[in-house]
Structure formats: C-alpha cells, structure tokens
Amino acid sequence: ILKQCSIKHEYEGKWNEKSRLTTCDPHNKRTVVNSNTPQEVEAKKEIIFTYDVEYQESDVKWASRWDAYLLMNDDQIHWFSIVNSLMIVLFLSGMVAMIMLRTLYRDISRYNELETQEEAQEETGWKLVHGDVFRPPSNSDLLCVYVGTGVQFLGMVLVTMIFAVFGFLSPSNRGGLMTAMLLLWVFMGIFAGYASARLYKMFKGAEWKKLAFWTACMFPGIVFAIFFVLNAIIWGQKSSGAVPFGTMFALVLMWFGISVPLVFVGGYVGFKKPAIEDPVRTNKIPRQIPEQAWYMNPTFSILIGGILPFGAVFIELFFILTSIWLNQFYYIFGFLFLVFIILLITCAEITIVLCYFQLCSEDYLWWWRSYLTSGSSALYLFLYATFYFFTKLEITKLVSGLLYFGYMLIASYAFFVLTGTIGFYACFWFTRLIYSSVKID
C-alpha cells in the first residue's frame, strides 16, 4: 500500500548509487518537513522525491494471485456464444435425425423389400451408386496425408484444452501454453502415421514409407516455411521479438528427431493391420455421374458447408483474436472447450447432411468433398481475421501487417486441416453405415 510521497529533498556532493539524502536520513533522524505544499520548479533543476510503501499480508493464495487481473466480466457474451452454437447444433441434429431415422429407414426398408420380392425395378437414389461409392478418389495419397495430419492436430488440441480446463496451463504464461502444444504435436505424430497408413492401405497403396514421410513433413514444412519468412522479416527489423536461431534449431531437431520417427512407427503399425473392408463391392467401370442441379455444384456446396461451423465459433474467435493481438488474457477455457465440442459436432453433422444429398443425386465423389465441406470454414476464419484487422486494429506499418496476415494464414490452414478431418471421418462412418444396411447382390 502506498502510504505517502515527499518532495523538496537535498543531498551533498555528486549523486551516485551510495548517496544519501540529507533531508531524509534515518541515521541522522532528519526528515523533510512541510512537503505537502507544491515545489517550485526551475529550468534544469533536479527534482528529488521519495515514497513509502507498506506491505500487508494478504489472504489470497499464491496460485490465485492473478485472478484479479484475469477476471473476465463478459460472461453473458460467452453464454450467448454457447446458446448460439447450441441452436446450430440442435438444428443440424434434427436434420441428421430426420435423415437417419425417417428417410434412411424408409429407403432401406423399400430396397430390402425389392430384394426379397425380386422385383426387377431400377434402383434409384443413393443405392444406385453402391458400386462406385467406395472407389478410391483422385490424389488419394494426398487425402491420406491430410487426414493423418488432422488426426495429429485434433489430438494436440484436445489434450491441450483438457490440461487448460483443469488449470495445468496458465494463460499468463503464453510461452508455456505454446511449448505444451508443440510437445503434444510432436508426440501425436504416431497417431498421424497410423491414421494415414490405415486409409492408404484401404486404397490399395503399397509405398507406406513414402506416405509416412509426406505425412511427417508436408503440413509442418509449409507452416515452418511461412514462420521462417515472418521471423526473417522480424530479424530484418532488428526486433527483440524475433525467435532466436537456437530456438529455431531446437524446433527442427524436435521435428526430425522425434516427430518424424514417431510418424514412421505409426505408419508401420497401421500398414501392418488388415485392410479395412468395404461393405459393398466396387465395379470395375466407373458409373457416369448425371448432370447436377446448380445447388449441388461442388464449389457452391463446399462454400455453404463451411458457414455453420464458422458460425458456431465466431463469437469466441473474437475474444481469442483480442487476446492474441491486443495483449489481453483469455482465461475462460471451460467455455472454449464447450465451443470446441460444438464445433466437432457441427462439422460432422453438416458434412453428413450434404453428403447424403450428394449421394441421393447419384454423385459418388464424396471423399474430397467431405473433407473440403467442413474445411471451408477456414476460409471464413481468414475473412473474419481480415475484417478484424481493418475494424479493430490500428496497424499502419507494412511489416506489422505482414506478420498479422502471415500468422493468421497459419492459423487458418491449421483450422482447415482440423475441421476437414472431422468432416471426412463423419462421412466415412456414415457411408459405411448406410451401405452395410441394405441387401446388395
């Protein structure tokens, strides 16, 4: 507690670190008097003042010392974000339930009745493409790489949030949060290799080592290249915010020394497992896809699919951007974890709904579209970051603007990989479920 200030002090000789004030010397029992009146200040004259501080013992525990600064008073906005996201989830859940319990049940019952009655009627709808729906997509290797990377990223984010919710990671120590995420990313490499190899073997792939290498290097390589360029720009400005060369070397060492070997281990284990069997046989000759309606155009469908997942998180995204770029603390990890779970559900459900409509229109090219549908929410994230830059930030220097958009590009790319993988696995489960439920000769 600041008790009092005093002015009009004097000292003898030339001032140095060992000098004592002659007007405030406890050894000589001299103190300044009448310091409450203003002091006249002349040009080039020294002003010497002192202050007294009294420390009082507090009942606040050491672990809670930051609470006064980290307390966020806008809980109502966060609750509005949760309610807004839940409304989106309930809407999508209703659509999925209608498809699964009503439409699919009716379709499967009708198809199975046709099989038992041996009626020679032409099949229609999603059953018609059963001989092509599990045909390996174009660029299947790249899809396997991105799915494996998404599994790695999902594991990292999930474990990090669980640690943060239970209080193991303090928001006041941003370096600790980033270090934990990097370490988790490195050790989640084994799951990335396993997931990509399992999918690769289902596509009849044989060169699993090549796939493991690309899984270990593609996403980290692109992110590291962007980060290195941004850091070089900071170096060029001689800023203290640049990452030291030793730290960069340590990151590369963790990447190639731990992450890459773990991806290969996961790839080896995944490739040795028996291949995932398709529920239906694939025809040798691909079926021609009929002309699609304008609203089933791949570009339109993909862009529409990304709106709802972004809508489920954009309010919380505002607080995260404010925390990063306006030097504020983000402390409500419980809200963030709920929003993250809602995001997972939203990505899965919107992709299932659009995939069902696509199959009903006899378009069986769902592999990449399922990934891109939910992954397109990353585009809206980057557009929102651009809007935030021009409306909330007062950045005028070119270098600062490049850093902002460079880091937000990395964040959007990571968000694309995460949400795309969720959508892909949701459709993968959905298609296998519906085609294993009908009788097909």
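Numbers here mean position along the shown chain, with the first residue as 1.
From the backbone N, Cα and C atoms, a Cβ is placed for every residue, glycine too.
According to TrEMBL, the protein has these features:
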TRANSMEM  77-101  transmembrane segment
TRANSMEM  143-169  transmembrane segment
TRANSMEM  175-199  transmembrane segment
TRANSMEM  211-236  transmembrane segment
TRANSMEM  248-271  transmembrane segment
TRANSMEM  302-326  transmembrane segment
TRANSMEM  332-359  transmembrane segment
TRANSMEM  371-390  transmembrane segment
TRANSMEM  402-430  transmembrane segment
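The transmembrane segment (302-326) is not in contact with the transmembrane segment (143-169), judged by fewer than 3 CB-CB distances under 8 Å for residue pairs 6 or more apart in sequence. If you look at the transmembrane segment (77-101) against the transmembrane segment (332-359), you find at least three C-beta pairs under 8 angstroms, all six or more positions apart, and that counts as contact. The transmembrane segment (332-359) makes contact with the transmembrane segment (371-390), as judged by at least three Cβ pairs under 8 Å among residues 6 or more apart in sequence.
Packing against the transmembrane segment (211-236) from elsewhere in the chain are residues 141, 144-146, 148-149, 153, 189, 192-193, 196-197, 200, 205, 242-243, 248, 251-252, 255, 259-260, 263-264, 266-268, 399, 402-403, 406-407, 409-410, 413-414, 417: each is 6 or more residues past its ends and has a CB under 8 Å from a CB in it. Residues 137, 176-177, 180-181, 184-185, 188-189, 191-197, 199-200, 203, 205, 211, 214-215, 218-219, 263, 333-334, 336-337, 340, 367-368, 371, 414, 417-418, 420-422, 424-425 of the same chain sit 6 or more residues outside the transmembrane segment (143-169) yet have a Cβ under 8 Å from a Cβ within it. Residues 143, 146-147, 149-151, 153-154, 157, 219, 222-223, 226-227, 229-230, 233-234, 305-306, 309, 325, 343-344, 347-352, 355-356, 366-367, 370-379, 381-382, 385-386, 389, 393, 395 of the same chain sit 6 or more residues outside the transmembrane segment (402-430) yet have a Cβ under 8 Å from a Cβ within it.
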